[in-house]
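Listed in TrEMBL for this protein:
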DOMAIN    1-229  domain 'G-protein coupled receptors family 1 profile'
SIGNAL    1-16  signal peptide
TRANSMEM  40-62  transmembrane segment
TRANSMEM  82-100  transmembrane segment
TRANSMEM  146-167  transmembrane segment
TRANSMEM  179-202  transmembrane segment
TRANSMEM  214-231  transmembrane segment
Amino acid sequence: MYFLLANLSLIDLSLSSATAPKMIADFFSTRKVISFKGCLAQIFLVHFFGGSELVILMAMVFDRYTAICKPLRYTTIMCRHMCAGIVAAAWGIGFLHSVSKLAFAVNLPFCGPNEVNSFYCDLPRVIKLACTDTYRLDVMVIANSGVLTVCSFVLLITSYTIILMTIQRRPSDRSSKDLSTLTAHITVVLLFFGPCIFIYAWPFSVKSLDKFLAVFYSVVTPLLNPIIYTLRNKDMKRAMRGLGKWNVNSGKKS
């Protein structure tokens, strides 16, 4: 689980690094400009890391399912080779997904408006600037990213439901620990898939909501993920309590 969490943290850091620096620089600049190549690079990186994170989240569900529903076979199933293969598949699928997205944008004819109505370049916003009928392209984006996101989300929720039903049949002392782990996982899944579904699968665009979800997906969610998993770690909780007591004692002495 911690091997997968480490890769999730790396992906979150990379996803934020693809958008946040330019976003912060634009906040302090009156002329908010990005080159066409830079825009394509953002599209590629956002979908590369986003696709990889989707696979990692699904792998983490499989990890928890194996640990809770098949505990005696856990070390055999989730061996080092399996974990390494899952991570390699996540990065590979993310790369293929981003290349397919980039293929949509590279050959589009851009000859008119050049203002992206968002805080960073993403395919649904960029294709609206093309000098051609974008209806088919919008449908293809929904069919590609939208259907993939919704199907993955339904599969994850179904898996969590099966795991929760298994936990209910267990003694309370064992189920509380498993439930604590699952709560963190479900929270992260909702934070990741909620914005994705509205951005890529929702056909009705709301400009103000789209901008909010774009920031939430690329900055807030990667920031919250390590906090959510950290707060359920016993060693980290113990260290935070010790730090709190140390601050209280220091305040009394001063």
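Yeah, the Cβs are placed from backbone N, Cα and C, and that goes for glycine too.
Where the annotation comes from TrEMBL, it is an automatic prediction and has not been curated.
Between the transmembrane segment (179-202) and the stretches 40-62, 146-167, 214-231, the greatest number of Cβ pairs separated by less than 8 Å involves 146-167. Mean model confidence of the domain 'G-protein coupled receptors family 1 profile' (1-229) amounts to 81 (pLDDT, 0 to 100 scale).
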